[in-house]
């Protein structure tokens, strides 16, 4: 057998050393107890999902708090609208930025140890998500972007001190926070002034408002669609749409919304107003019926209580009687002005 193998060397296989994998610098090796891909998925479906829950729960008040408070929409309608517009905004405009809008950390300082940056980001997300959920649980309206900024500055300050923060970006963001409320207040004042002059001070505000409703829809929808497309998602390639096409599409959609308001929304609002008026009529009838019941009580059984209050509690002359009635009347009218329930008999007996 051995001679056979020696005579036929072609049956031998030459053994070679397998190629060595390129060495990874020690500074860029991840911690041995976790897998980088697993961490990424955990962040996506864990911490980031929790942060999204906190942001949605707390920030919905920013968009729909006044609408619900003024009775324009119900809570259910607000939740449905928020669901639709949040999906549209996150998909269409959420990818418009490239992630640098909150670049306040000097990432170059972590070049020697990038794992610290990863762990710091995880801590920032956990802290911010926890704070948003706790604040929402106690009905406190807070700002998500303020929370993210503070958490990012916090972990960077712990790891790198003041040198790890890009203070120019921080001051710029804070300046925007100061200027944005001022700009919002100016636009709010202008809008309210126009509505006050054109609608609220008109002889028939309801009729005037319904007449101007299509135009208002055109302006609002045009502005939203134009900004939506002009600074839109790179994923959907909205940023590649020419400027004039953006204007044309925005005008077309705004005009369509105007026709919708004229032929659909306006008639629906008219029917609602008519039904509400038919109901204010019901309140008048209820008031008249209540007054009738009070009058019947006065004429039938009122004499019994009059005798008890006027004769049995104290002997009164015209002066003391006038003083008691006048004091009770003033007290009752004053408390009624501030919607404070008051018992007139107690006021009269204990002036």
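Note: Cβ is positioned from N, Cα and C throughout, glycine not excepted.
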Which listed span TrEMBL calls transmembrane segment, if the choices are 38-57, 58-77: 38-57
Within-chain partners of the transmembrane segment (145-166) [C-beta distance under 8 Å, separation at least 6 from its ends]: 102-106, 109-110, 116, 120-121, 123-125, 127-128, 131-132, 173, 177
Distal contacts, the transmembrane segment (241-265) - CB-CB under 8 A, six or more residues away: 213-222, 225-226, 229-230, 232
